[in-house]
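Features of the protein shown, as given by Swiss-Prot:
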- Gly155, Gly156, Ala157, Gly158, Val159, Gly160, Lys161, Thr162: ATP binding site (BINDING)
Amino acid sequence: MDAAAPDLGIGIVAAVRGGIVDIRFANRPPSIRSLVRTGKAGEIVIEILSQLDAHRVRGIALTPTQGLARGMLVKDTGGPLRAPVGRATLSRMFDVFGEVIDRKPPPCDAQWRTVHHSPPPLVRRSTRSEIFETGIKIIDVLMPLERGGKAGLLGGAGVGKTILLTEMIHNVAGRHRGVSIFCGIGERCREGEELYRDIMAAGVLENMVMVFGQMNEPPGARFRVAHAALTMAEYFRDDEHRDVLLLVDNIYRFIQAGMEVSGLMGQMPSRMGYQPTMGTELAQLEERIAHTDNGAITSIQAVYVPADDFSDPAAVHAFSHFSASIVLSRKRASEGLYPAIDPLQSGAKMATPSVIGERHYRIAQETRHTLAQYTELKDVIAMLGLEQLSPEDRALVARARRLERFFTQPFFTTEHFTGIKGKLVSLEDALDGCERILRDEYRDLPEQALYMIGKASEAEPGGSAKNASS
């Protein structure tokens, strides 16, 4: 390596323990969060995380450390990790270092900015509450998302988190004139490749940027990829004054990567092995997602819940930052009610009459009440049968079952699996359908007629032809 540059510090590797590297500098060591390079061609990148004494620092490797040995020269790059920003990044796929991974030439006119930024000050934040429509009935009616807010997709493995995120990318591209940033943290390489091809086939790649920290990469890279994606999103919000949809899959992998880094750094673990700084690290990321006077970053984040335990510290900390929570139910998935969203466990803080309006609030509350009463009656039905219920309770059960089926929806991103054409439903059409079901206007129709349709009118005789596979 070049040791002739007097303005950049040169050190030597003092110790290597897995992904943790101790480095000694003869002069002043680099500052915290600086990047240093080592290896035969400078291919090993290390981020400084702590200073041990006047001459020694400790860092986490952001790349594999094969071939690294004590005594190797280390060069300070003179700055922190940076990410490319600008219109040149649209329709491209990057890794944590801002290098393209889509087999195309790198963007030639992209700007580069540090991934470490402070959240916007309070005076720049907007306090207006606006609904961010997704085109998905159950979300827009029962747990409306807030423009500039954060929503969590909570669920265990295999209940449809990634499918729901992909559908939102498709719908938002057609409904909102903005930019989508997809951040894959700990993604399987196969899933990232499939997602890229699906989005390209759907024709929404031109207004999208994809950033991946794959599960085979070191924990340091997976920990920093979310900051890189957020830096790209902040450019479109602050410089181009555009609305941004930031999709994160999976925020639990961000916490998990931080836990690995913390363990490697020798920090004392807290409850269930998580890092003691988990709350701070998550807040530093989440508070940068905001609605300002320039634009808004609206974030939808998948949260893997270990063993479906919602009291897990990672789920609890993530949940505290969300303005809406979308809880996916394995039981509903087993019943074929897709999207498998639990309407009673899910909710939104902005679902108040002053924000969403009296009519929307009334319909949502009546719907929840009907579904909650049906849940209470399920045990009675299982033991005694439906015939033992009063006529009023039987009518309530019929309404609830029709509501459950009306809230199913065919997705554009699953057309090639199901053979059913995807449907995008406006909030007004979704509210109208719920209201008509609550008024028993469809009591003479079989409940299956409301399954996997868009508008409620499609279930009526002479309405849109329903796919036979429903």
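Just so it is clear, glycine is given a Cβ too, placed from its N, Cα and C backbone atoms.
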Inset, instruction - Using all protein chains in view, find how many other C-beta atoms are within 10 Å of the C-beta of Thr162 (ATP binding site). - result: 21
Inset, instruction - Across all the protein chains here, work out how many other Cβ atoms are within 10 Å of the Cβ of Lys161 (ATP binding site). - result: 26
Legend entry - Cβ contacts of Val159 (ATP binding site) (under 8 Å, same chain, 6 or more positions away): Leu328, Ser329, Arg330, Ala333, Ala340
Inset, instruction - Around the recorded ATP site, report the further residues of that chain (criterion: Cβ within 8 Å of the mean position of the Cβ atoms of Gly155, Gly156, Ala157, Gly158, Val159, Gly160, Lys161, Thr162; site residues excluded), sequence-ordered. - result: Tyr304, Leu328
Inset, instruction - Within 10 Å of each Cβ, count the other Cβ atoms, then let me know which of the binding-site residues Gly155, Gly156, Gly158 comes out lowest. - result: Gly158
Legend entry - Cβ-Cβ neighbours of Gly160 (ATP binding site) (radius 10 Å): 23
Inset, instruction - Provide the number of Cβ atoms within 10 Å of the Cβ of Ala157 (ATP binding site), excluding the reference atom itself. - result: 11
